[in-house]
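Marked as transmembrane segment by TrEMBL: 7-25. Residues annotated as region 'Disordered' in TrEMBL: 48-143. Sequence annotations record features per position, and here TrEMBL assigns compositional bias 'Basic and acidic residues' to 133-143. Here TrEMBL flags 161-226 as domain 'Glutaredoxin'.
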Amino acid sequence: MPSVRRIKVFGLLIVMAIITLLFYTNSGGSDLEARQTGDFFHKTKSALEKSPVGGGSSTAGMGKVVGTSDEDKEASKARLKEAAQMAKDNANMKAPKPDPPSKVVGVGSAAEGGKKGVAGRKKFGSGGSEAQEPIKDEKKKGDEDLDVEAEFNSILKKSPIIIYSKSYCPHSKRAKDILLEKYLIDPKPYVVELDQHKLGLQIQAKLADLTGRRTVPNVLVNGKSIGGGDEVAELDTTGKLVDKILNLGGKRMAEVKLRPVNGSKATVKEKEKVVENPGHGLK
């Protein structure tokens, strides 16, 4: 059995060996880590020194710049595009602004039929004369309205009864047959054939505005509509036509009555004339 002293010596040697081994192990790891850290630092520093300001990225451990040329081209294009846009914006700010829509006619450069260009020069486009068309159209329409109004008033003075008709319309023919053939009316109704009148369409539109009736025939008595062919026929059938005309016509109507069955188409005044025939007898 070994003595206690030997056991202590062997234990001490083992502890010293373990400590020595741990020391060398830690020392080797620190040196490796220091070397790796130093290599990374030097590589990074070298890459930063080689890479130009604003340049591309570098590859770690290689020291080679990648993508610098392409990115420089893109940056150059972007700068050129930005400069062109700035120049365009400046030119637009200095250029003369067009007149607002409310002042296109009669105010500013548009009143002279043109627009100002660079250095005070005028540019006359194809649309210069067209800017005046609305005024011409309005003036023409105003003159036409005056003509229609004058013609309409002139027609109303022709007779207390006005028959607005169209020559080809069967309903118009029906109304004319009743008022002109079946009745003796003094003054005689005045017929306006709208399809043959130069202002027929405009007069018909005015009648629609005044009476609310857009179709023909349209019979007016003293400026008031009594309807069309159907309405006149109904008044005739019910025996109310004479009273209707007399009430609306007032003092302007001399006489309204049914024409005798064997009577002719002569006017009331002609009917009232007394024709004296010389007598033939024996002497």
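Note: Cβ is positioned from N, Cα and C throughout, glycine not excepted.
Annotations in TrEMBL come from automatic prediction, not curation.
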Can you break down the domain 'Glutaredoxin' (161-226) into helix, strand and coil residue counts using DSSP?
28 helix, 20 strand, 18 coil
Average the per-residue pLDDT over the domain 'Glutaredoxin' (161-226) and send me the rounded value.
95
